[in-house]
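Okay, structure first, notes after.
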Amino acid sequence: MASSVLLAVEKPELPRPSLAEIKRDLGPQEIGNGLVALIFSASGPIAVILAAAAAGNLTPDQTSSWIFGAFLGNGLLTLWLTYMYRSPQAYFWTIPGTVIVGDSLTHLSFAEVIGAYLVTGVVVFALGWTGLIGKIMAVLPPTIVMAMVAGIFLRFGLDLIDASVTDPLISLPMIAVFVALSISPRIASIAPPVAVSAVIGVIVAIASGRLAPGILDNGVISKPVFTAPEFSLAAIMELVVPLAITVVIVQNGQGVAVLKAAGHRPGVNLAAAASGLWSLPMALIGNITTCLTGPTNALIVAGAKSHRHYTAAMVTAVGAILVGLFSPTFVGFMLAMPVSFIAALAGIAMLTPLKNAFIAGFSGTYSTGALVCFLVTVSEISIIGITAPFWGIVFGCLVGWLLDRAR
């Protein structure tokens, strides 16, 4: 019966962890990585939601509800699937999709956009439940997919360099602490370099008077707001295909590739089915389509002991639930921090995932295709409303098939 319900969705391969096992596997490194992944998700990506909400003239309550769903809802999904599969799998929202929606909200109503979210959720769920997306992803060369990941992650490294030049007071102490703690693996296991560098950045920002006022201007606790969907053909035609491609190919593709590179066996069909199904109730409170995120999962699996990564994902999930409940306060604090703090923290945290993505992307076959994929991805082109990472895979696979396959 369970098999017929799951259809093509991958079933758990490992036993669920007991409370004693979770306590055993949860160390300073896992707590630090989980918190850094949470801080990353609740900083820069939040600004994308705020920009989209501003473009659509959403009310503060609608914006708060969107963020509530993005964190609390996805935190619950992350916690449940991580526990059920004993494997890290952090679900949040599609950042490129949010950019697309921001443009659409300038001429579509929020109700029409939510109607498109619901249709997208059904499409994404069907792709995973039937196993179609698994068959598509199985034929994509892993090196080309990882080159796409490297192209997406590159901007975090470049932003770190920019932050160290434009705001050395904040950035350089964070970098110095990160390097100092990373020299000794023994010290790093006790004092996670990324987490400690984040603390140093906060201390420097407060001590130098760089914390902006108005942290509690939008309240303390979130208030989810229900918005009735409106099914508009114009909105469906404009949004469903770009959002579905962004979720199942670009975002979930990143997440799956990152987790595989860390030694895990994420379910491609599971990621799509879970993303689509969970998006349906979340859409009604304003949240965009859920996805298996790439950067956040990369931060979660940054630790050397892969069998303990699931506890880092649980830390991120529990933190996300709390952020969802108190999103006005948390988001207010993160936005009050200097922009350079967010850039430096994200860049420091993404150094290892970026290095691993380059190694995996350019060390195997289809290297020419991987290079083309990387270049197209970093170009940030957009064709028919679909962003560069998707086209990076398309052109990378085409060039790889023409040039690399014959070698």
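Just so it is clear, glycine is given a Cβ too, placed from its N, Cα and C backbone atoms.
Taken from TrEMBL as is:
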TRANSMEM  34-54  transmembrane segment
TRANSMEM  66-85  transmembrane segment
TRANSMEM  105-129  transmembrane segment
TRANSMEM  136-158  transmembrane segment
TRANSMEM  164-183  transmembrane segment
TRANSMEM  190-211  transmembrane segment
TRANSMEM  231-250  transmembrane segment
TRANSMEM  310-327  transmembrane segment
TRANSMEM  333-351  transmembrane segment
TRANSMEM  383-403  transmembrane segment
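For the transmembrane segment (34-54), the neighbouring stretch richest in Cβ pairs under 8 Å, chosen from 105-129, 164-183, 190-211, 333-351, is 333-351. Sequence-remote contacts of a segment are chain residues at least 6 beyond its ends whose Cβ falls under 8 Å from one of its Cβ atoms, and for the transmembrane segment (190-211) they are 28-29, 31-33, 35-36, 39, 169-170, 173-175, 177-179, 181-182, 299, 302, 336-338, 341, 344-345, 348-349. Tertiary proximity for the transmembrane segment (66-85) is limited to same-chain residues at least six positions away from its ends with a CB under 8 Å from its CB atoms, namely 12-14, 16-17, 41-42, 46, 49, 53, 58, 91-93, 222-224, 267, 270, 274, 278, 281-282, 285-288, 290, 310, 313-314, 316-321, 323-325, 327, 331.
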